[in-house]
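Working notes, structure below.
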Amino acid sequence: MIKNKVFSNIVYLVSSSLITKIVLFLFYIYVARILGPNGYGYISSSTEYLGLFLIFATFGLQMAIVREASRNSDNQIGLFNKILPARFVFSIISFVFCITICYFLYWDTVNFHLIMILAIMVLLQPLEDHCYSFFWVKQELKFVALGELVKIVVYIGSFILLNVLFGLQLTNLVVSTLLGFLCSILFKMKWLKRRYGYRYQFIIDIPYIRKIFYISFYFGIVSIIYIYSLKIDIQMLNVICGSTEVGYYSVAWQMVQIGIVFIQSLSTSLFPNSVQKIHLRSFRMKLLKYITYLTIFVILCALLVTFLSDSIIELLYGRAYSNSVLLLNLLVWYLPMRLFAVWGSQILESGAWYKKRVLIYLTPLVINIVLNYIYLPLYGAQAAAVIALISNFILVSLITIFAFVYSKKYYSNGDCKMVEV
């Protein structure tokens, strides 16, 4: 039953994500060809900037509530309603920081106007996270997958309509993004009520919020560090080297993200089960075996991409993006490393090693920032790609080492009970 649930969730998530990514991939090719590296760089840097604050709006609450609700199946709706007020508090704070920092960084620029529109998504993020988390706990991720398809249909449709009405503009792209995000949330809320009879209530339970905040604080810190480690390269490129270098880098990164879809879907589908079974040695060993097999397969795929990268970039984007070929050859190796890290991440996230995880994720980020400041002015996007690989390798190594150490230390006596450290 559990295997079927995990497999079906992976199929739903991968299918919808692949459809979404492929459609967006082709759509972005069209946009990139029209706007050129400079215009495409504006869009990429604006959306990446927004992503930095969307993670603040979540701040670990999603992982924390999924972890707690998976262990307490008797009162899941009550637990979710207790955490709802905290979600909106975090989103409002994040929204204020988003527009304030944007004012000082991008005032009177193209980026400023684009970010002001996209910032509304920060206020809507609590509802998105709330629906996603509940379906995640129930392992009914097909509704999340369908919501993503709704998002992409509205996004593309509204962009076409706005272009017909007002002509091709950068603002059409961000308005369409906002509309797609909103419609996806409304779709999930509708099915949450229809499927489970869910009623939204703001329950103020200070002791519980204090307890869940302790857990979410460390989850949030780790999430912020990890997301920043992915996005900081583009932001620093934009500040130090300009939007053209961002455009080259974004083209390669968009292609790599197609592979990330599967990794994220696998990790998401496994987490509720890992929370309940990670203390079982048989579960950990079986998970390690399958992750290793998948990693070998992804390595072979990465080798194939490196041989074909020149033809792929020229065919899809044209010769204007020839500088992206080397970037793709480098960034594609992010995939096998990140996939292998899924095993260790499941162990560390399912246990209570909060402070250790902060140190594990913080170390590569600091190295990333320092190296970017030194080498970006000299080598531009190529330096960003190499540094991203170095920091990711350090992260994966630390995750795997600590996972092995803690497994041996706390779960060494066969199939013992779950422990809190």
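Each Cβ is built from the backbone N, Cα and C atoms, and glycine gets one as well.
Straight from TrEMBL, the features:
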TRANSMEM  7-29  transmembrane segment
TRANSMEM  49-67  transmembrane segment
TRANSMEM  88-106  transmembrane segment
TRANSMEM  112-137  transmembrane segment
TRANSMEM  149-167  transmembrane segment
TRANSMEM  173-191  transmembrane segment
TRANSMEM  212-228  transmembrane segment
TRANSMEM  248-266  transmembrane segment
TRANSMEM  287-308  transmembrane segment
TRANSMEM  320-337  transmembrane segment
TRANSMEM  358-376  transmembrane segment
TRANSMEM  382-405  transmembrane segment
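When the stretches 49-67, 287-308, 358-376 are ranked by Cβ pairs under 8 Å to the transmembrane segment (112-137), first place goes to 49-67. For the transmembrane segment (88-106), the residues of the chain that approach it from at least six positions outside its boundaries are 49-50, 53-54, 56-59, 61, 112, 115-116, 119, 122-126, judged by C-beta separation under 8 angstroms. Within the chain carrying the transmembrane segment (248-266), a Cβ under 8 angstroms from the stretch's Cβ atoms is held by residues 9-10, 13-14, 17-18, 21-22, 25, 28, 32, 37, 40-41, 44, 233-234, 237, 294, 298, 301, 312-313, 317, 321, 323-324, 327-328, 330-332, 334-335, 338-339, 342, 381, 384-385, all 6 or more beyond its ends. Residues 229-230, 233-234, 236-237, 245, 249, 252, 326-327, 330-331, 333-334, 337-338, 340-341, 343-345, 347-348, 353, 356, 360-361, 363-365, 367-368, 371-372, 375-376 of the same chain, all 6+ positions outside the transmembrane segment (382-405), place their C-beta atoms under 8 angstroms from a C-beta of that stretch.
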